[in-house]
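**Student:** Structure in structure tokens, see below.
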Amino acid sequence: MMTGPAKPIPDRQAALAAAPWPGLRALLEWVLLVALAVLLTFGAARWSVVARLDAALYDTVLSLHGHAPRDDIVIVAIDDQSLEAVGRWPWPRARLAELVARVGAAHPRAVGVDILLIEPDLTDPEGDRALAAAFAQAGQVILPALPERTGQGRVFHYPFLGIGTHIAHIDAAPDPDSVVRGLYLAEGPRGHLLDHLALQLARQAGPALAGDVPRGTEIDDDGWARRANIGVNFAGPAGTFRHVPALTLLQGGVPADAFAGKLVLIGATASGVSDIFATPTSRTMSGVEVLANATQTLLDGNAILPASRTVFWLVTLLPLSLTACALLWLTPRMALTAALGSAGLLLVGVVAALAGWNRWLPPFAALVGPLVLYPLWSWRQQEAALRFLRDELHRLAREPGLLAGTGPLAQTGRTLDAHMDAVASLTDKLRGLRRYLAEALESLPDATVICTHDGDIRLANGRSADLAAQAPVSGQDRAAALHDLPTLLACAFEDPAPGQHYWTRWLTAPDTAQEPVELRTRDGRSMLMHAAALRDDAGWPMDIIVSFADITAVRQAERHREEALRFISHDMRSPQSAILALIELQRDAGRALDHAALLARIQQLSSRTLELADAFIDLARVESQELKLTDVDLVGLVLDAADEVWALANHHQIEVRVDADIEASVRGEPRMLVRALVNLVNNAIKFSPRGTTVTVAVREEGDSFAVSVADQGVGIAAEDQAQLFQPFRRLHEAVADAPSGSGLGLVFVKTVVERHGGRIAVQSVPGHGATFTLWLPRASRPGPF
């Protein structure tokens, strides 16, 4: 119990607000780990640590995303079959001239020759002249130059003079893994760059080049310059483009218009003769077919271009940023989902950009940061969790009260399993403590709830649920009544305003003594509402316990005491006072009654006293004594009651008619039920004119049996019907010749019926008699009659 003055709630909130943020250390660790992940991401991107993974993804997408070759690109292939028939390589210049002449005769749009013709053939000048003539006849012919490193740097060796063709370079640009994925559209000594053969060939197809061409020049240390690096969008594996064997062409086996208006590439594909490259779509592809793929890429405008540096770094750092934010703000499972989701979205986006928009962004450097950050952060979080568990377990081990004596909790090891075992042991103790507290709350004799200062109910016992069940609403709304205290008050009590005012006053001054307030439930019970604060070890108010004590029995006892005092002081005293008055009158000879009249008056008053005493005692017994219920025949009880009132009915010339032709079994005490039925029929006889009929009927209504007693008397006014079942109420006592009574007969009937689980009601119209109906629940099984 708190001994000092209570601290107001706002001071506690201010103290919490002024406390240092407990996550400051975690935030600092998060910043350091994110910085480390960013550095590793930059390093992976800068030094191509994951280049092989990027290349594998690039190659896979291109291999799966093939497309049809163009019909206007044809390869004249110097293949193994041609070498076997014509002779080993190199062929005589005259044979090459014949091959070019046959191509030129078909009027191609342009001819690209993937054969180095750097030196003239000194042994066959006529062959060189024939070759030059064939080139001139073919029209637009492009020959390659040979780059060579000299003492002054690299230079081009051009085709020998006199053949009058366009000159281009044919260098591919292999990646570090020796796979050709792209080329430079122009390269050569600074200021003397040659366009690529594919570019010059593509230019012959139209006045302009489709698609974007990257800008920018790269210069090596020896002054060799390269410009416009593009990725070749390979149509498929080797053999995708149309091949015409050189032998077939030399033998005249090709139609005259086979090359008309087409771009023709002449080159070697035979093993041991041609340049062989590894490409994304094929591990072995001849140089002339690489040229065909590059030419189609330029013509279609679908060259694969790298993303800009700005886009690259934004996309590369995006998964790391998302993972870092998720680790800081989300649960571990959701953070893992966010990290994997961002990585998956990145890969899907990269594949979509490459396959759909021909843009390439290496993705795997972006995954280095999350792959490093997540396990490091998980490690730090686990260390923090272990440290927290260890500290809390030691603190709880020293906790007095119900958690004292935890024993092995303080002996936790260093591993997570040891801490989990300790937590499991403590959880068992806390679970037992929770059951203990729940049972303690449930066993309280009063309806009790524990709620916050906002009125939200945290805990409630079963008696509180019984209060909520008073609401005239659906079951779901009754469950909502236990959500907060104002709703519970509104649902449970006829007039919740006093309880709400008490709650408001208590919140305003929780340390000021507040008198409990009395409320009345919807079913008529009296409840006393009282609130008290629950405080922590420091004395701060935490929650509020509110109890509703049922004082119905107290109020009923007070009411019975008042009724008994009134009964004794008025009803019981009146006959005795009248007897004393008669005795006093008898002493006066002039006013004395004759002996017979005196005895009659004394007998009447004494009988009246005995009648009142018997009625009062019977009512007290039926209210307090334990009932011994048995299965009884209700129709038999009605007949017994009719027999018992026969004499009174005969005296008043009243016919008692019983209408009961059913079997009706109820659970009850026969003597009390018969007495209640007799009281009802007696009342009907007393207030009925002579020569009329009182009808007693038994009928079945659902799960109950109804017994109605109807008379043909004066009836009961509507305003008097509400007072019928109140003790000592005699409605006709002011009427001349009204029947006498104790005012307890109908109270006795109502008490008996309600103690048997039934109810009673009256229907009456003044001047047309009254009908009293009581309902008793049927027995669970038929009686033995």
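Note that Cβ sites are derived from N, Cα and C of the backbone, with glycine treated the same way.
Annotations for this protein, taken from TrEMBL, read as follows:
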TRANSMEM  30-49  transmembrane segment
TRANSMEM  311-330  transmembrane segment
TRANSMEM  336-355  transmembrane segment
TRANSMEM  360-377  transmembrane segment
DOMAIN    513-563  domain 'PAC'
DOMAIN    567-780  domain 'Histidine kinase'
**Student:** May I ask for the residues of the chain that lie six or more residues beyond the transmembrane segment (311-330) and have a Cβ under 8 Å from a Cβ within it?
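**Tutor:** The answer is 27, 30, 34, 37-38, 41, 45, 338-339, 342-343, 346, 349, 361-363, 365-367, 369-370, 373-374, 377.
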**Student:** What mean pLDDT score does the domain 'PAC' (513-563) have in the model?
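**Tutor:** Reported value for the domain 'PAC' (513-563) is a mean pLDDT of 83.
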**Student:** Tally the residues of the domain 'PAC' (513-563) by DSSP class, grouping H, G and I as helix, E and B as strand, and everything else as coil.
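**Tutor:** Helix (H, G, I), strand (E, B), coil: 12 helix, 25 strand, 14 coil.
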